[in-house]
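Okay, structure first, notes after.
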Amino acid sequence: MKRIYFDHSATTPVDEEVAKLMLEYMTEKFGNPSSIHSFGREVHKAVDEARNHVAALIGANANEIFFTSGGTEADNLALKGVALANRKKGNHIITTAIEHHAILHTCEYLEKQGFSITYLPVDEHARVKIEDVRNAVTDQTILISVMFANNEVGTIQPITEISEIAKEKGIYFHTDAVQAVGNYPIDVKELNLDLLTLSGHKFHGPKGVGALYVRRGVRIESVQQGGGQERSIRPGTENVPGIIGLGKAAEIAKRDMEKKIAHITALRDKLTTGIRERISDIKLNGHPTIRMPGNVNFSFSYVEGESLLLNLDLKGIAASSGSACTSGSLDPSHVLLAMGLTHEVAHGSLRISLGRGNTAEDIDYCLTVLPEIIERLRSMSPLSSTSTMAENNPCSSCHKH
Ligand SMILES: *Cc1c(COP(=O)(O)O)cnc(C)c1O
């Protein structure tokens, strides 16, 4: 059976060119970049080049890039590192209710350490209101952290406006840009950002490697101790193959950015229009226009997201949903709930995240299969007017909420 990958917000395939280069830095070029002999020096030079590529992708200087083990670690380093280094100035951090758990759970940890966190609400389209940001600032605020683009619904935040407030008030501004970097143009100088998180595997680089951009002059402390690597901000022998792969992925992303966005946007619009034409009782989640090129997120009334996913998977289509019935938790996505969706509507959500490898044929196939599945699931739903088999709803317990 043909398999179609529609889950690029979860991870992407490693580019062949990236994988090939990484292999070279595991076998022939295996030196430790800290060694002063030729084995070490050639690798040190390659790590520097990778740093240049990552910096170029986001408009940073190379010495403002610190490699980490991925987006999660970079988020931890940004929040904890800035909190620790600036706690004499204040103990207040502003973030949003729709951040990735790498931010939310780090904030919860910081609360236990005595920091006070404001979780800003979002509107129905998952956008933060500028006035809410402004009103949340106190004389204790040291950091604002607002994600660039949401991983579930694709909404892009008013980063420029938030950055202006941060500058005006003398507060650091961090953005978790893991969904956007490599998939959407970002310039840290233009946006006046102090810190930015990125991750390799969301743009055809390897898993387990990412970076934190830290503008020169930002006060930050390391959260782990060791040697002098990454200027002691992130000690530990470098993940050389990962870093080399991240650098190559960054180079390719910058080179192909425009072409990739045009291709993916066209597919997204075809899919969105097609779903609207073929299926009724649906709701587009996220902002109608200010969203990531590859993100399509719909709620389908009277349908349970997990059953939808399993049925799509049987047809070879890999997507994602905002509910988690089968993982033992009945709680739907915190993002969809923060947008004001009811539990029922949130449970019926489907995220299709497109990538550069997808084709118009993939969309056509999905537009054939999806309406059939929705119709079948609705015919089994106790809540649907077309229902004929009330007992067969595979996830009726969810509707308790
Ligand atoms: C994937 C993701 C992360 C985590 O990055 P990892 O490299 O997988 O640790 C953080 N934030 C957002 C918005 C993400 O999409």
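Cβ coordinates come from backbone N, Cα and C, glycine included.
Keep in mind that this is a model prediction, so the values were computed, not measured.
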In TrEMBL, the residues G71, T72, N151, S199, G200, H201, T237 are said to bind pyridoxal 5'-phosphate. Which of Q113, Q179 is said to bind at that same site?
Q179
Please report the three-state DSSP label of S199 (pyridoxal 5'-phosphate binding site).
strand
Have a look around T72 (pyridoxal 5'-phosphate binding site) and count the other CB atoms within 10 A of its CB, chains all included.
20
So for H201 (pyridoxal 5'-phosphate binding site), how many other CB atoms are inside 10 Å of its CB?
23
I'd like to know which of the binding-site residues listed (G71, T72, Q179, T237) lie near ligand 1, counting only a CB under 6 Å away.
G71, T72, Q179
Please give the greatest C-alpha separation between any two of the pyridoxal 5'-phosphate-binding residues G71, T72, N151, Q179, S199, G200, H201, T237, in angstrom, as a whole number.
30
